[in-house]
Each structure stands twice: as C-alpha cells, then as structure tokens.
Amino acid sequence: MVEPTAFIDEKIAEIADDVGDANAVIALSGGVDSSTAAALAYEAIGDQLTPVYVDTGLMRKGETDQIRDTFDYMDSLRIIDARDRFLDALSGITDPEEKRHAIGEQFIREFETVARDVDADYLVQGTIYPDRIESEGTIKSHHNVGGLPEVVDFEGIVEPMRDLYKDEVREVARELDLESIIAERMPFPGPGLAIRVLGEVTDEKLAVAREANHVVEEELEEYEPWQALAAVLGKATGVKGDNRVHGWVVSVRSVESRDGMTARAQELDWETLQRIQSRITGENENVARVVYDVTHKPPATIEYE
C-alpha cells in the first residue's frame, strides 16, 4: 500500500520537475482520480495549471453544475461545452473500441485548444494502474490511455498516479483534504455514458441511461457498492397500460471490489430491486424492462463496453 504523505511529497517534486517553468492543463472530470491529480499538480505548479472540465454530454445527471460548485475556488477553471462535438464524433459508431478512441481523440483536441490559448506544453491526467493494465492487455482501451490519438500536440503527458490502485488514490485524496464528496465518490468511466449504451450513441439512449444511473446511485447508496450503474442494452417488447410497447432494456449492475481488478456482484434484496425497476420504468416511458446483472469480474468486466 502507498504511504500517502511520502507519495504526495514525491509527486509534487516530480510534477514540478517535469513541467518546469511551462504551463499545463489538466483534464478534470470531478471524479477522485482527476481531482487528486489536479490537487497534486496545483500544489506543484500553482497558477501554471489550468483545470479543464469538458461537458461531453455523456456525463451523469447534474455533473456539470456540481463541478462548477465544487471547484469554484480554482480561478483558472475552464468549463467547455463540447456536447455537440462529441455526439458528432460518435455518430454512426457502434464498436466499443472505436467509441473509446473517438472519445479519446475528441478529448485531446478539446484540451489542445485550451492549451494553445494558455500556452501550455503539458497535459496532466488522472490515469491509474488498472487503466493501464486493461489498455496494455487489450481488455479494453481507456480514453486516457489506449484511447489517445497517435499524434498529440503536447510536449509531454504527466500521469502522477499511474501506479496507484483506486483505494490508494482515495487515501491520497484524504491526505490532501479533498471533500468527501470527491474522495469517496463512486467510480465513473472517462468515456461516460457512451459505454453504458450498447451500440450507437444517441440522444434518446443517453437520456435513458442518465436517468437510470441517477436512480441506481440513489437507491444503492446505503449498500456502499464499489460501483453501481445502469446500462441501456437494446430493445424488447413490453406492456404499458393496455398497449404493447417496444422499449429499452436497462441492466442494473452493482459490484463490490477493492481495486477494480476483480469484482463480485452484490446480493441485493428483492424489495430494493423492485423499487429500482419501478422507478426506472415509471420515470422513463420508453423503458420496457429492467434486469439485474449477477456476473462477477471475471468473466465479465464491470462496465459493458
């Protein structure tokens, strides 16, 4: 396990040495990984750092407003509305790897635009060890590892937490006195809801996934899962009132894990599962059914794509 104080001192010195007198931008998502990386980088280089939050249109319900409120103390924070550009980049793409690469490409282009504006030579990222293992082992690319384009307009990419597991990141976050809403936050994938809708990403699928994920996180908070999510799988026949409908199938997944490398599906009580399905089908008229995923990792991954 990492010793937080020693790690923080080491990484602050390392970031300062890597960046020198140059400027840097950091990809800020509001999750514990990027927030911890931002705190480390800010301690190291101060106003040379510009945090950038990109509203991709693929985020959780209320995410952008929460980012604005949580990080309003950072005067240099940039919030970029790139929703249309990301949907355009994903148009017609159904393959999971291609989706991740398209998202990685667009992320980098957004950061390059800001970097040119603030004359930044470095990109700081919150990449952690499981991201690298899955990308290097070709299990699946992460938008900030294997999903990066081959040509990147930065002098260097700085990844201070590339050797940490998620639980170690949380220890460092606590040592840095990050708010509990950040330090203890449930993992959310970099590509966002794009990998929680199977097949092509559309506004309709994203709307269903966003509302369903909100329900799942609310209802399962007391169970303290390592990660809980809802994914839009496809369509199936259902009945609403007296009418036959062809609506979306939503899969609910909740797992326990230490580091994300392996995970066990949580055993949830029937009443909770019924409450979740009732809310999802009741609040989304185009959802026909809800299922619960009982598969561990392995053989499954935690996310669907």
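Keep in mind that glycine also has a Cβ here, set from the backbone N, Cα and C atoms.
According to Swiss-Prot:
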- 2-185: domain 'GMPS ATP-PPase' (DOMAIN)
- SER29, GLY30, GLY31, VAL32, ASP33, SER34, SER35: ATP binding site (BINDING)
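Mapped onto this structure are the features recorded in Swiss-Prot.
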residue : record           : Cβ neighbours (10 Å)
SER29   : ATP binding site : 21
GLY30   : ATP binding site : 21
GLY31   : ATP binding site : 18
VAL32   : ATP binding site : 26
ASP33   : ATP binding site : 25
SER34   : ATP binding site : 23
SER35   : ATP binding site : 27
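In the predicted model, the domain 'GMPS ATP-PPase' (2-185) has a mean pLDDT of 87.
For the recorded ATP site, residues SER29, GLY30, GLY31, VAL32, ASP33, SER34, SER35 set the reference point as the centre of their Cβ atoms, and the other residues of that chain within 8 Å of it by Cβ are LEU28, THR36, ALA37, ALA38, GLY126, ILE182, ARG185. VAL32 (ATP binding site) carries a helical DSSP state (H, G or I).
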